[in-house]
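Okay, structure first, notes after.
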């Protein structure tokens, strides 16, 4: 019965022009669902669900170390965080760090890319060499620099000493610790900006420069009116990307300064860690985390929308 | 335009300008090369210093002022990375093995889940495709310290705390968005007409993907997998919060643990950092063509 019923249908399907011989078992739609849903399920289970749980916990006074069921406390956690001077100070530290590091990286990265793009020989080798720091784990980078910045036998102080300059306690003085952090992050991520700026610079069509030199445009004019406008969109993507990453930064602080001395290098990420894993105020930490996620989502939206615009334009 | 033509016309100007410009050009070139060299030295010095420290005798490691040349060579630090003081395997070498297992397994999982999804996103029209793709990428931007709080609680009730499986799952979840975005770019480059032609020959859509598109994607899959491998290999935040025992601990927290005590054996730290970083650099060199796409999570393509 069924076979006789199925047969004509299948034949009709086989004769249909868009997909002759197309599988009767799996339609395109079914295939798409079968291929996409496993990946989405993993994301839902490991990213979305945990965040929703954190959202729930953020309205409670739950603590991961106490065996007491969570009490609903409303938005108390949120108001506490938003009005806390401690958090304001961490936000300021984070802002200083993000702005300082990203600015330095952009200037240096673009400068290096510009210099490399003007070389005709050995561009590939040069680029590869400059990229090394970026590929290293933050752990390795943090340890490298902790050793080099060591006040007693660090190589940086040793070099300063041979230049006749005084010793600096890089990681244990309030003011220099944040600067050290910015320097190390800049060392690691300048190659990132450089790489993307270089991609932009090499994509500038040669004929534009040729036309400009026929017009005897000055170097500055060429840079200002040809190079920069052509590279800027890509550069902006790199900057936004770095800003998000810098905002999330945790590992480098953990290795290099542990937030110290005092709280001078305690970024928001590091403070969340302290609240969650040293203070075990899980509810408060969750609210804190949700607020950070909101900031990241806003930043990421800017980034993605811009990216989208760029791709379509 | 008119002005520039006027300027170009005088014979004397065009005659005098070239030599001067060339001289100025050369001076400028020297400045540029010097600047570039100085920057290259600044960027590479920390790496070279770590390499040097890893092969120095201990007393030279702590020498003040620092010894750049003429130190005594030793491979003892590298031996310490792999061999325990009393003989047998060291704890660090066990951590390296764990890293290989966790990074490898999570990469395989992310690739197996991500590649088909990328193909489906590239080939089929679906509702709110762009929003789905952006949602997928934005999960990757979540601060790890924040995500780790609920993940920690979730793993605790599932018994996944301090297990390799737990690390593999979270790394895979962090690499799937990357894999999908990166691979979608590679799939977009393969014309859909290949599959249409194969289907005209009587293959199903699935067979067409398997027999014709997939082989063409192999280089892209390899590059994507290498990046996922590097991300998992280098990851630190989840590793330090979700694992504690020596049997599970991966290399990054193990190496970071070396500086916990009152005295730090910097020679050993340097040697283990070099051993840890070397495979990454080799792999990164292999995928250098795809670096721009790789480091921007597949968002920017050249």
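Cβ coordinates come from backbone N, Cα and C, glycine included.
TrEMBL entries are annotated by machine, without manual review.
Now, the feature entries from TrEMBL:
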type     : residues  : note
DOMAIN   : B:96-287  : domain 'ABC transmembrane type-1'
REGION   : B:1-23    : region 'Disordered'
TRANSMEM : B:29-51   : transmembrane segment
TRANSMEM : B:96-121  : transmembrane segment
TRANSMEM : B:133-153 : transmembrane segment
TRANSMEM : B:165-183 : transmembrane segment
TRANSMEM : B:212-233 : transmembrane segment
TRANSMEM : B:266-287 : transmembrane segment
Proximity of the transmembrane segment (B:165-183) to the transmembrane segment (B:29-51), 3+ C-beta pairs under 8 angstroms | no
So which of B:29-51, B:133-153, B:212-233 has the most C-beta pairs under 8 Å when paired with the transmembrane segment (B:96-121)?
-> B:212-233
Sequence-remote partners of the transmembrane segment (B:133-153) [C-beta within less than 8 Å, at least six residues beyond its ends] | 121, 161, 170, 173-174, 176-178, 180-181, 184, 237-238, 241-242, 297, 299
